[in-house]
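Engineer: Starting off with a structure, shown below.
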C-alpha cells in the first residue's frame with residue numbers, strides 16, 4: 001500500500017507503516033513515497 005508520506009530512504013517509512021499496519025509491517029521507499037506491506 002502506498003501511503004502519503006514522503007521519503008528518501010526506507011527507514012523513514014518504517015515507523016508510519018508500523019503505526020498503520022502493526023509491528024510486522026514492512027516498508028519501502030518508491031518514487032519518493034512510502035510503500036507499506038505486510039509480511
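Glycine is treated like the rest: Cβ placed from N, Cα and C.
Quick paste from Swiss-Prot:
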DISULFID  7-29  disulfide bond
DISULFID  13-34  disulfide bond
DISULFID  17-36  disulfide bond
SITE      28  site 'Basic residue of the functional dyad'
SITE      37  site 'Aromatic residue of the functional dyad'
Engineer: Taking DSSP three-state, what's residue 7 (disulfide bond) in: helix, strand or coil?
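Structural biologist: Assignment for residue 7 (disulfide bond) reads coil.
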Engineer: Would you count the other CB atoms within 10 A of the CB of residue 34 (disulfide bond), including those on all shown protein chains?
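Structural biologist: Step by step: centre on the Cβ of residue 34 (disulfide bond), count other Cβ atoms within 10 Å, giving 23.
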Engineer: If you measure C-alpha to C-alpha, which of 7, 28, 29, 36, 37 (recorded positions) come within 10 angstroms of residue 13 (disulfide bond)?
Structural biologist: 7, 28, 29, 36
Engineer: So among the disulfide-bonded residues 7, 17, 29, 36, who's got the most Cβ atoms within 10 Å?
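Structural biologist: That would be 17, with the most Cβ atoms nearby.
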Engineer: For residue 34 (disulfide bond) and residue 17 (disulfide bond), determine the Cα separation and express it in whole Å.
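Structural biologist: It is 8 Å, counting Cα to Cα.
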Engineer: Residue 37 (site 'Aromatic residue of the functional dyad'): which of the recorded positions 7, 17, 28, 29 have a C-alpha within 10 angstroms of it?
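Structural biologist: Within 10 Å of residue 37 (site 'Aromatic residue of the functional dyad'): 17, 28.
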Engineer: Check the Cα-Cα distances from residue 7 (disulfide bond) to the recorded positions 17, 28, 36 and tell me which is shortest.
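Structural biologist: Result for residue 7 (disulfide bond): the nearest of the recorded positions is 28.
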Engineer: Using the alpha carbons only, what distance in Å do you get between residue 28 (site 'Basic residue of the functional dyad') and residue 36 (disulfide bond) once rounded?
Structural biologist: 6
Engineer: In angstrom units, rounded to an integer, how far apart are the Cα atoms of residue 29 (disulfide bond) and residue 36 (disulfide bond)?
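Structural biologist: Computed Cα spacing between residue 29 (disulfide bond) and residue 36 (disulfide bond) is 9 Å.
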Engineer: Kindly assign residue 29 (disulfide bond) to one of the three DSSP-derived states: helix, strand or coil.
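Structural biologist: It is in a strand.
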